[in-house]
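What TrEMBL records for this protein:
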TRANSMEM  63-83  transmembrane segment
TRANSMEM  104-127  transmembrane segment
TRANSMEM  182-201  transmembrane segment
TRANSMEM  222-245  transmembrane segment
TRANSMEM  293-313  transmembrane segment
TRANSMEM  325-344  transmembrane segment
TRANSMEM  364-384  transmembrane segment
TRANSMEM  391-413  transmembrane segment
TRANSMEM  433-453  transmembrane segment
DOMAIN    463-576  domain 'STAS'
Amino acid sequence: MERVMGVRWYAALRSSFPILTWLPRYNLTWLKMDLIAGLTVGLTTVPQALVYAEVAGLPVQYGLYSAFMGGFIYCIFGTSKDITLGPTAIMSLLCSEYIGGDPVFAVVLTLLCGIIQAGMALLRLGFLLDFISHPVIKGFPCAAAVTIGFSQVKNILGLKEIPQQFFLQVYYTFHKIPEARVGDVILGLCCLFFLVMLTLMKDSLGSSEDEAPLLVRSARRLVWSLATIRNALVVIAATGVAYSAEVTGHHFFSLTGKTAKGLPPFKAPPLSETVANGTVITFSDIAKDLGGGLAVIPLMGVLESIAIAKAFSSKNNYRIDANQELFAIGLTNIMGSFVSAYPVTGSFGRTAVNSQTGVCSPAGGIVTGVIVLLSLAFLMPLFFYIPKASLAAVIICAVSPMIDFRVPVQLWRVKRLDLLPFLVTFVVSFWEVQYGIVGGVVVSGFMLLYIVARPKVKVSDHGVLLLELDSGLNFPVTEHISRLVYKHALHGETHTHTHTFNPAADVLQRSWSCVCGLSVSPPRCLVLDCAYVSSIDFTVVHELTELLKQFELRGVSMIFTGLKPSVLKVLLSADLPGFRHTDRVDQALQLLTSINHYEQQF
C-alpha cells in the first residue's frame, strides 16, 4: 500500500513539475543541442525584445526585462520542449492599448494577468478558450499585423508627433511625408531589403540532402544561420553606421536614445504611482484604468501560447498538458512583474527557430535567458545608438507573415457564413483591437446560439408523422420544436393550454386521423426520433408535458424513440402524462398501429 501511495505521489509531483519527466534522461547530446538552440534563439530574442517594447510604447529595456524570466520558469513547469516565452507583437500591441506608455501600469498589468492565468489553471477554466472561434483567431492577427506594420512607417520616414489611433495615424503619416528624414528613409529601406533577401534565401534552401557535397551542406548551414539571426545582424550593422555618424558629428538618424543601465532590480511590483504633480494613483485606480485588458490580455496570451505549443507538439510527436501550460504562463507573468516585465506569451517565430535548431528540452530557454541577461548587463549603453528605422524594419518583417490571405479564401470555400466573424474581427480591430476580438466572439456566439435554438429537424410521413431531431433539447429550442409540432401534427391550432374541445367531434377526429393519417385538418399521431439527442433540460420537459396533454385532448398519440439512458432518466423522473417510448422507429410505428387497431374495435 505504501509503495502504491509513493507511486501516486511521484506521479502527482511529475504532473506539477514536468522537469522531473525529462531531467533524469538528460545527457551530453541534449546539452549540446540545447546550447546551440538557446544561443540561436537568444540572438533572435534580443533585437525582437527591443522592437516589441517599442510597439508596446515602453522604453526598449522593458522588452529585455520581459524576455528572460520565461526561460527559467518554463524550464521547470512547461510541457513543451520547443516553445519560448517572451514579448510578442500581438501582446505588445494589446498592452499598448491599456498601459498608455506607463511602465508602472505595465508591471501591474503583468502581475494581474499572471494571477488570472494561474487562477484559471488551478480552477481548470481553460475550456473558456474554446469559445473563441478559428475565424476570430485568424482575423485578429491579420488586423494586428497591418496596425503594427503601419505604425512603424513613421520611424522608417523619421516622422514625429504621429497619433497612435490607426486612422489618424494613416492620415498624418501621409500628410507629413514631406517632413521625412533622408537618412532614416535610406537606412530603413536598406534594412528592409536586407531582411527580405535573407528571408527569401532561407525559404529557398528547402530540405537538406545528406548525400550533397560537404561544401554545399556547409554553405546551406551558413546561409540558414545568417538568415536565422538576421534581426541581430541588421540591428548591429545599423547601430555601427549610426555610431560612426554620431562620433563624426553628423546626426543623420533618429536614435533610440538613453536607456537604463544594468539588470532590473528584483523587487515587489509597484501597486501605486505618484505622478509629477504629486497625485497618487492607487492600485484600485490602476486596475479600473486597465479595465477590459484584464480579460482580453490574459485570454489572448494563453490562447496564443497554447495554440503554438499544440502545433509543435503535433509536429514533433509529443503531448502537452494545456492546463499545465496555462499555469506556466501565469507563473511566468507573476514572477516577471518582480523584474519590471510586461505580459508575455509564446512566440511562434522564436519557437520555430528553437525547433529547427534541434532543441531537446526546455533547458534551451535557460541559455536564451542568460543571453538576454548578459545583454542587459553589458550592452545597454550601446543601445543608445540603435536607429529607430532599423527597429522599424525588423518589426515590419516580423509581423508581415501574420497577414494570411489564404484564410478568407478557405473560409469562402468551406463555409461562407464563417467569413462574418472573421470580417467583424478584422475591421473592428482597426478601431480598437480589443473591440475587434470582443465583436468577433459576440458574432460567433450569436451564430452558435442560433444553431442551438434552431436545429435541423427532418419531417417525414410514414402514415404518421416522424420528426427527427439532430441535436440536444435545451431551453432555446423549446419554442421552435413546439411550433413544428403544432404546425405538422396539431394542424395550426392556437398554442394555448386552456383550449376546450367538443367531445363528439374529438372522437371523430381521433378515429379519422389515427387510422388514415392523410387528412390535412385533423390532428395526427407523431413519432419523435431522439436518437441524436444527448441532453434535455427542465424547460423542454415542461413544454413536452403541455404537448402531451394537447395530444391526449385531441385523441392522438406522441411516442418517443431512440432515447439515450440519460435523457430517458430525466423524462421518467418528470412523470409525463401519457409518456410512451420505444428503442426504434419501427417499434413506434408498430405500437401506433396496435393503438389504432384497438381504437377501431372500441
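Numbers here mean position along the shown chain, with the first residue as 1.
Using N, Cα and C of the backbone, Cβ positions are placed for all residues, glycine too.
Note that the structure is predicted; figures quoted are calculated from it, not measured.
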Ranked first among 182-201, 325-344, 391-413 for CB pairs under 8 angstroms with the transmembrane segment (104-127): 325-344
Beyond the flanks of the transmembrane segment (182-201) by at least 6 residues, Cβ under 8 Å: 155-158, 223, 226-227, 230-231, 233-234, 237-238, 241-242, 245, 252-254, 387-390, 392-394, 396-397
Distant-in-sequence neighbours of the transmembrane segment (364-384), which means Cβ under 8 A and at least six residues beyond its ends: 33-35, 37-39, 41-43, 45-46, 49-50, 60-61, 64-65, 67-72, 74-75, 81, 84-85, 239, 243, 255-264, 354
Contact set, same chain, for the transmembrane segment (325-344): CB under 8 Å, 6 or more residues outside the stretch: 53, 56, 58, 62, 65-70, 73-74, 77-80, 85-88, 91-92, 95, 99, 103, 106-111, 113-122, 126, 264-269, 297-298, 301-302, 305-306, 309
Mean per-residue pLDDT computed across the domain 'STAS' (463-576): 75
